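First comes the structure, then the notes that go with it.
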Amino acid sequence: MASLIYRQLLTNSYTVNLSDEIQEIGSAKSQDVTINPGPFAQTGYAPVNWGAGETNDSTTVEPLLDGPYQPTTFNPPTSYWVLLAPTVEGVIIQGTNNTDRWLATILIEPNVQTTNRIYNLFGQQVTLSVENTSQTQWKFIDVSTTTPTGSYTQHGPLFSTPKLYAVMKFSGRIYTYNGTTPNATTGYYSATNYDTVNMTSFCDFYIIPRNQEEKCTEYINHGLPPIQNTRNVVPVSLSAREIVHTRAQVNEDIVVSKTSLWKEMQCNRDITIRFKFDRTIIKAGGLGYKWSEISFKPITYQYTYARDGEQITAHTTCSVNGVNNFSYNGGSLPTDFAISRYEVIKENSFVYIDYWDDSQAFRNMVYVRSLAANLNTVTCTGGSYTFALPLGHYPVMTGGTVSLHPAGVTLSTQFTDFVSLNSLRFRFRLTVGEPSFSITRTRVSRLYGLPAANPNNQREYYEISGRFSLISLVPSNDDYQTPIMNSVTVRQDLERQLGELRDEFNSLSQQIAISQLIDLALLPLDMFSMFSGIKSTIDAAKSMATNVMKRFKRSNLASSVSTLTDAMSDAASSISRSSSIRSIGSSASAWTEVSNSIADVSTTVDTVSTQTATIAKRLRLKEIATQTDGMNFDDISAAVLKTKIDKSVQITPNTLPEIVTEASEKFIPNRTYRVINNDEVFEAGMDGKFFAYRVDTFDEIPFDVQKFADLVTDSPVISAIIDLKTLKNLKDNYGISKQQAFDLLRSDPRVLREFINQNNPIIRNRIENLIMQCRL
């Protein structure tokens, strides 16, 4: 049947997950982008498909194993292990604080009998008696003295198979390793002025942070990772660790990449944002004691300011979102003061400020990436507004404070009668503060937020300072300007197309023949047959189907199906067979995720209504999972979608994914589902209505939630194509047999077609009503 298309989409939409993840990982790892002119070298249009480009990240990741570095003399940072990797015997490292500690480490090859060897320690020839009785392991020994000319003593030998050694300055001590691998441990020597100890390494070395000491010990005992033991790892100078600090100018343009026709420019600018709120105050009719509305409204503000000696003319438009509606009613008399609705912005609200100026930065702001901004916080405090009553003392709304905190910036387009301007939309989240607001001579006091009555508090404007940065694709020739006709972004283009397509789709409902619709609803539509009405479908079928699946997998239906199996198993296992009110609540919760059991019998009806409304939303998924021979709402929905796709002249492969996804969520919103038990029918609707009745008389009977939940778990779920109201009307006016009633209850397509072919006005009217519900 036609609903097969939705099941195909639900099944196949998850097959694109892996390729999507690979693409996302690849784009997230991209660090820079070179613009290749490609086919655009011969045309006047810029590319509109953009990759992720450079992804800047302020997080500093410290490497686990930093190196190898060439032998050198340096002052190692404290709390860092210097991991030494010598290749020959002899002195491998030495260091001193030039006061009371001269310390060196010597490496001795395996199988060395006691012998005297001469070592060069701190510029002097020193003779030491050394030995290594191990036949296979190398031996590290520490030798130290307290004076430059004193005799050296030997300490803490380390017998090592990997031939690695490490030393660290930390907490007034110099730490080393001793023992025998693979069980070597750390030891230490006390030293004054330990942080000033300079060390000279005579072999390649690595640097490991102290918080990775466990990893350092693993290397000492078991050796370096295999990748460090290849000939491709070449030691570099320690100076490679030095960071060259370059301070970016606040206002500058940097060429990121350049080709023959296009170049990427990074634009850094400081910015001064001035804005103000506006509001609408409407008095209600009557004697003058009541106000209908006090609300925020957008307002544009124009101003000038200096930026690096340049005079900038700027425009800002301030609007709010997520307002909170308050009201006050002083009584029921015509002379009682009342406000039907006044708006307040609080923590759950957002303030949007669209900014545009006449500088060069905004003239080529068409193809933009890496947009970022840093702005200050601003506090907005409300003033007073007096409600002038005909008689009596005037109530005054006063106070209220919110702070605006930057929460992001996006590129937007402002349209005027003559031009479309690319602008920056700054989003601000809010926090409330003192003072609170109140209405004098009323009970309204100590409320927090900023009311719309007087949000500017006699100020001409609020001001925010900061800076923004973006990378824009512009013509390489500075004399050219990116055409403003291209300033509408790809997404805005798509939204405009979708808007036109929605209007066309909705107007096509009148042109659908019901008999053809029923025939189409019974066909097993697949991906290709569904989209065959689009031009060039054969060429674009594969990529178009993939795009539909990608978009569809983010739909509400696909998200719900991902939890369908768990929900069904939970429902089947947790439904109790007890008939108590408490067990009814628990059994319903298996479907509705209602965790609270019902204790008050008086609220049972309301609770059942809530439960059945939520159950009805899941019955669609149950019906999709267990298809019956009857026609369902998704068959009609898919058939209407197919018909409108074939008739449409606006649809394109770009708009198809959006339309299919939107249709799956919005077509036929008023759905009712039923389950049949012998001669009893149980129905539950999306609107929370529920009822049960007998098939032969259509007389209602008490609705047993326990029984309904059991039936839903074990029995097929059927779309109520012909609802109870239509059935009663049909029985009263035409008379139908019990078997016909059963067939209509099961949405038997053969019986439906018979009634439609007979031009039965009641059935036709019901189907036409369903078609009219298929709107976007």
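Yeah, the Cβs are placed from backbone N, Cα and C, and that goes for glycine too.
Ranges compared are 154-186, 484-516, 583-615, and Swiss-Prot records coiled coil for 484-516.
Swiss-Prot assigns the feature region 'Hydrophobic' to residues 389-409, out of the candidate ranges 32-52, 389-409. Long-range Cβ neighbours of CYS216 (disulfide bond) (same chain, at least 6 residues apart, Cβ-Cβ under 8 Å): TRP81, LEU83, ALA166, ILE208. For the recorded site, ARG101 (site 'Binding to sialic acid'), the DSSP three-state label reads coil.
The CA atom of CYS203 (disulfide bond) is located 25 Å away from the CA atom of SER190 (site 'Binding to sialic acid').
Within 10 Å of SER190 (site 'Binding to sialic acid'), counting C-alpha to C-alpha distances, fall the following of the recorded positions ARG101, CYS318, CYS380: ARG101.
When Cβ atoms from all protein chains are considered, those within 10 Å of ARG101 (site 'Binding to sialic acid') total 19, not counting its own. In the three-state DSSP reading, CYS380 (disulfide bond) counts as strand. The DSSP breakdown of the region 'Hydrophobic' (389-409), given as helix, strand and coil counts, is 0 helix, 13 strand, 8 coil.
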